[in-house]
Amino acid sequence: MGKVYVFDHPLIQHKLTYIRDVKTGTKDFRELVDEVATLMAFEITRDLPLEEVEVETPVTVAKSNVLGGKKLAIIPILRAGLGMVDGILKLIPAAKVGHVGLYRDPETLKPIEYYAKLPSDVEERDFIVVDPMLATGGSAIEAINSLKKRGAKNIKFMCLIAAPEGVEEFKLAHPDVDIFIAALDEKLNEKGYIVPGLGDAGDRMFGTK
Ligand code: URA
């Protein structure tokens, strides 16, 4: 079964408080999400494999480490996931960025893919799928279905806030995918918002309503 990691680093928790705050405006919200994404990227990359190389310092030749293993791809789920991409790229600038867009079918309420563009070398990459909110889990589950259909194998999912209901659905659908979150909140309300949450992540990030 996939593991759930909650990042309780003080800086992440501090910034998340201001992200939640209804008084935080669009500019600060966006900057804070960007900063938290960077901090989370630092934690999520803890297990990346290293390989030893030789490097010539001004003094001597040293054995030292560089990243080995597969290259990474970041996949934001449109649109709120976009707000987490630059923060991750600050630490992993060589990562490719793919996009998955989903809409909710008004009748079945199921997420339907309307856009998917992934790096061409899917088999050669490990994936970090990002979306600030894991609410019912529907979008994240479908986005990862879409990646797997195209050959993606090693996938992590990263979000700011998750609801327990979404985490359970996600773990059932993708038991091979670990989830990395900044906070596990209380529940979903009747409108599908995470409680206490932060409201609509996309609207707060892009200033729409
Ligand atoms: N999506 C959001 O942006 N916010 C929620 O609370 C749930 C889903």
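The backbone N, Cα and C atoms fix where each Cβ goes, glycine too.
Where the annotation comes from TrEMBL, it is an automatic prediction and has not been curated.
Feature annotation from TrEMBL assigns 5-phospho-alpha-D-ribose 1-diphosphate binding site to Arg79, Arg104, Asp131, Pro132, Met133, Leu134, Ala135, Thr136, Gly137, Gly138, Ser139, Asp200. With a cut-off of 8 Å between CB atoms and residues at least 6 apart in sequence, the same chain places Gly101, Gly202, Phe206 near Arg79 (5-phospho-alpha-D-ribose 1-diphosphate binding site), listed in sequence order.
Classification of Ile194 (uracil binding site) by DSSP places it within a strand. What TrEMBL lists as uracil binding site is Ile194, Gly199, Asp200, Ala201.
The annotation domain 'Phosphoribosyltransferase' is assigned in TrEMBL to 6-208.
In the three-state DSSP scheme, Ala201 (uracil binding site) is classed as helix.
Other than Ile194, Gly199, Asp200, Ala201, the residues of this chain whose Cβ falls within 8 Å of the Cβ centroid of the uracil site are, in sequence order, Pro132, Met133, Tyr193, Gly197, Leu198, Gly202, Asp203, Arg204. Annotated pair Gly137 (5-phospho-alpha-D-ribose 1-diphosphate binding site) and Gly199 (uracil binding site), C-alpha to C-alpha distance, rounded: 16 Å. Just so you know, the Cβ of Ser139 (5-phospho-alpha-D-ribose 1-diphosphate binding site) picks up 25 other Cβ atoms within 10 Å once every protein chain is counted. Among the binding-site residues Arg79, Asp131, Met133, Gly137, Ser139, Asp200, the residues whose Cβ lies under 6 Å from any atom of ligand 1 are, in sequence order, Met133, Asp200. Here the CA atom of Met133 (5-phospho-alpha-D-ribose 1-diphosphate binding site) lies 10 Å from the CA atom of Gly199 (uracil binding site).
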